[in-house]
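Presented below is the structure to which this report refers.
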């Protein structure tokens, strides 16, 4: 059967030889698929500038639909969408200029949490706390909620279960 060439942009495969590959890579469908793939990664500012240079699509404004879809050479964005995009760009610029604006409060709260945790653990190890208070301290260790909301958090960073970890002994190997 021979080797096959698979194009990631077009999601197609065909027999791999010089003629077929050149024909595919120079084809209109491949160029459109490649352009739409890279358009997914454009930043909002370039997208907004391109949309502003385009004239509004009459068919889209009249009926809300356009037969050309995303390949239409006219703009399908309303004024409201452009304003929302401008707001998003402004927010991104503010975060780039002053990245500590939002992050400083979270860093402080993490530092506070770590110092409180160290104090509690130091008190536990020194034996100054009674056994009943040890259990309460272990259960009352406060973990900031935004740390728990991180998706796919490794198990080692999750808080311990309320009853403690199960201990299983593995006497046999192999």
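From the backbone N, Cα and C atoms, a Cβ is placed for every residue, glycine too.
When the ranges 51-79, 109-137 are checked against TrEMBL, the one recorded as zinc finger is 51-79. Residue counts for the domain 'C3H1-type' (51-79) under DSSP, helix first, then strand, then coil, are 13 helix, 2 strand, 14 coil. Residue counts for the compositional bias 'Basic and acidic residues' (87-98) under DSSP, split into helix (H, G, I), strand (E, B) and coil, are 11 helix, 0 strand, 1 coil.
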